[in-house]
Amino acid sequence: MKCARLNDRIIHLHTYSREHYQFLFEEGIKGHLFCSHCGKPVLLRLNIADPPEFIHRQPGDFPACEEACEPKPSKEGKKEDDQESGVIRLPKGKAIAADPSPAVTEWHRPRSIKPGTPFVPKTIEPDTSLFPSVGLNTDQLKAVTETEGPLLVLAGAGSGKTRVLTARAAHMIEHLGIPPENMLLVTFTTKAVAEMKERMANQYGLQPAKVRRIVTGTFHSLFYKILYHSNSAKWNGEHLLKMEWQREQYIKKALYEEGIDEKESPVDQALQQIGFWKNTYVPNERIPLKDEWEKQVYRLYEHYERQKKEHSQFDFDDMASACYELFIERPDLLEQYQSRFTYILIDEFQDINPVQYKIMQMLASPEQNLCCVGDDDQSIYAFRGSNPSFILDFQKDYPGAKTIYLTANYRSTHPIVSSADIVVKKNKNRYAKTLEAARDDIQVPVLFYPYDEEEEATMVVSDIKEKIQNGASPEDFAVLYRTNSGGRAIYERLHQSSIPYTADRGVQSFYSRRIVRQILAYLYASQNEDDTEAIKHLLPALFLKQSALNTLKALSITEDCTMIKALAKLPDLKPFQLDKIKKIVPFFASLRTMKPVEAITFAEGKMGFSEYLKKRGNEGNKLEKGSDDLRDIKVVAKKFKTIPDFLAHVDHMRAAEKNRTDEHGVQLMTIHRSKGLEFKTVYVLGTVDGSIPHDFSLETARKGDEAALEEERRLLYVAMTRAKQHLYLSCPANRRGKTANRSRFLYPLLQKARQPLHH
């Protein structure tokens, strides 16, 4: 049905602003929508495959209702002196001034993506000559048996990389008689290490004692062991800053010593930048400082290093550089390890950073039995110092090296693999190769077009619900997004549903972000001018130190006024500060009755919050900017009519952040976190320019550097190849309150698109 009754008014979808469909959806959930013919409760159906329509809450056939709701030409035109805004009728010339609505957008039927090439089934039987229980294809067998000299194995997504690594190690031990203790197998996660050991014991029949003798571990664990054996007092594990909060404490102390309010500097980003400098192994005096943010972080870096030295402590990044320096200073020690590790296997080679690679090269000499397994198309960790150039230049570093391509994908269907391949082939800096699926399927990737982030989340959850009702398990699904803020709406929608889910901590903490807390503080303070927590978050935006909080508490008592009004009575304020605060204080009462999005816009402009954001300058976080958070919170605020209702929602979601316990169900995660995982059904959110690819990569590309843009394309490739059977790519028409353009990475797919998908 295309019509329903809301608040004694008939709603016709064909004349109703698409912007407000999400509002109608939520009104239906609350029981406020009714059939305009029979009067029974109805819902607005918003899903991926079908046009939006009203459906009765109770299942059944309602032909009379459907017939009554067929659109009829209106005999009376709309009154000229009125215009509509959602369900509110406004006098002509008047509008809600807070945030102009984007243009009405028609619903577009989703499109299916045609495979770039026809599926060609492979009839080659797997080879079981090495291990009867483990079949290997021709290329895998080559990678397993090519044991001498430098070898690069380019293992495409889902091509059996772990099988090759474990089979190779088992073959060398069982069939070639190589002592396990002479083998070094290095990867990036303890989970991968455990999985490889388990496979070697269970699938290949290696004796547990032999498996234990293989030196396996992460880069960090390997470097720690080497350092500990060289100087156990200095490199004792008790001196390691294992936890993130320990490192953050030193940065916070450094901020204090520099006279910087810790609420004004993203500690996590400072630590990430410091880690990047360490992992690229640039001497301190030669670190290029590009802007004021990096200059500030460099000063924090110096404080951080000094504090660690004073306490004889070290962090994970220190171990790599220290190990490298140890081998430079102690060639005799390096020679001992070279004699010990005559065969080296490196997993996820595309993620290696400069220091790690230098150490592995040193250990591999002079035998050069170095086997590196990776995929240049999955290099997505530039922010950690990794660089695809190491895998791309392997032949230059080792001119006699052999290269083996693993291009058979056993995870995903042909339509998914073909689509992902079309996307990544637009990159220039990569090995020329074509990934091929081992199986076909009639299900093809789907592009769908929600109005905005809110409708996007509703459509995805509706689709998941429908699939679960048809027998799917919640664990079959993953929802992927570029940055944590991109998962905010889907997190909220799943929280409101009965579907079990698990989410990254980052997406759960949206309402705890610094900028979000600060802008919301204006709204909280408007409702309660003695809200200490809100005022604490307001102070930085008013360019006041946290020490002012206690003064405000005292003044509110001695002057018999609210803490907000006490702001204008603070002593020792500079004249410009006093003038500004006197101007702002009365505005809190004005905010009280505004709509939430109006209040946020008012605080931005009239109360100076946008000016504060500009003065803060570069936050150091290229991916999650404060201004982006501000746009995100306005998208949420639009859904609520009153500030108390909006803040109740915020409080509810903050409580949910603290109380989440589910470990199973639909997986919500960033694309980075999804790497190495696989799911039957994958939804990729926000495939629009500015999200995937991210704004910062578009900016650098405009300046002539396309490295970041190519990494963004690899990121989409990684997201697409997580899907085993169903892949959905979302292209919202609006993002963060502005019109969005579908991702430029999708253009090659759209050229291959079939006719619109029919449900």
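Here, residue 1 is simply the first one shown, and the rest follow in order.
Each Cβ is built from the backbone N, Cα and C atoms, and glycine gets one as well.
Source: prediction; values computed, not measured.
In Swiss-Prot, the ATP site is described by G158, S159, G160, K161, T162, R163, and among R411, R430, R439 the residue recorded at this site is R411.
Close to R163 (ATP binding site) in the fold, though at least 6 residues off in sequence, lie V134, L136, Q140, R199, each with a CB less than 8 Å from its CB.
Looking just at the domain 'UvrD-like helicase C-terminal' (414-676), the mean pLDDT is 89. Of all the binding-site residues listed here (S159, T162), the one with the fewest other CB atoms within 10 A of its own CB is T162.
Listed in chain order, the extra residues whose Cβ falls within 8 Å of the Cβ center of the ATP site residues G158, S159, G160, K161, T162, R163, R411 are A155, V164, L406, Y410.
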